[in-house]
Ligand SMILES: Nc1nc2c([nH]c(=O)n2[C@@H]2O[C@H](COP(=O)(O)OP(=O)(O)OP(=O)(O)O)[C@@H](O)[C@H]2O)c(=O)[nH]1
């Protein structure tokens, strides 16, 4: 006899995304606005992206931060902080969130996206994907 463990919505696939809260010397966090043409355009999010086959989440962030922001980070500077596990209409998102306070290079939006340094208490002023809401609350408490 099999037991049906599904609760609520049953997503077709799980998407593995890696994200990072870059934190500056004033304890502000960098968020980026999703550009037009992408899903959830206009919402603010933590830099990062999908983990490709053969990558660890840390490797994905080293690659994404170079591609999106033109900066170099080292895996050893990525401190695991928390994660999002959220069911969207068409997929389930698993997204570790790291903290990173050290990087090399000037932050340069490489894909025409807007970026902003925001104090954790003000993060709520920026619309973010629903998966990010609990992460913001944790950053506010921690930073
Ligand atoms: N980078 C990032 N992605 C997030 C966050 N919150 C969240 O729900 N996501 C979702 O995770 C996925 C990230 O994938 P991505 O950035 O590599 O994807 P993309 O825009 O190229 O792909 P897409 O247009 O197919 O969604 C998107 O569906 C995005 O909406 C976040 O804080 N940071």
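Placed from the backbone N, Cα and C atoms, the Cβ positions cover glycine too.
Taken from TrEMBL, the feature domain 'Nudix hydrolase' covers 12-141.
Taken from TrEMBL, the feature 8-oxo-dGTP binding site applies to 34, 45, 46, 47, 48. Under a cutoff of 8 A between CB atoms, and with a sequence separation of 6+ in the same chain, the neighbours of residue 47 (8-oxo-dGTP binding site) are 19, 20, 22, 30, 32, 64, 65, 68, 69.
Marked as Mg(2+) binding site by TrEMBL: 48, 68. Residue 68 (Mg(2+) binding site) falls within a helical segment according to DSSP.
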Just counting, how many other CB atoms are there within 10 A of the CB of residue 45 (8-oxo-dGTP binding site)?
20
Mean pLDDT over the domain 'Nudix hydrolase' (12-141): what is the value?
97
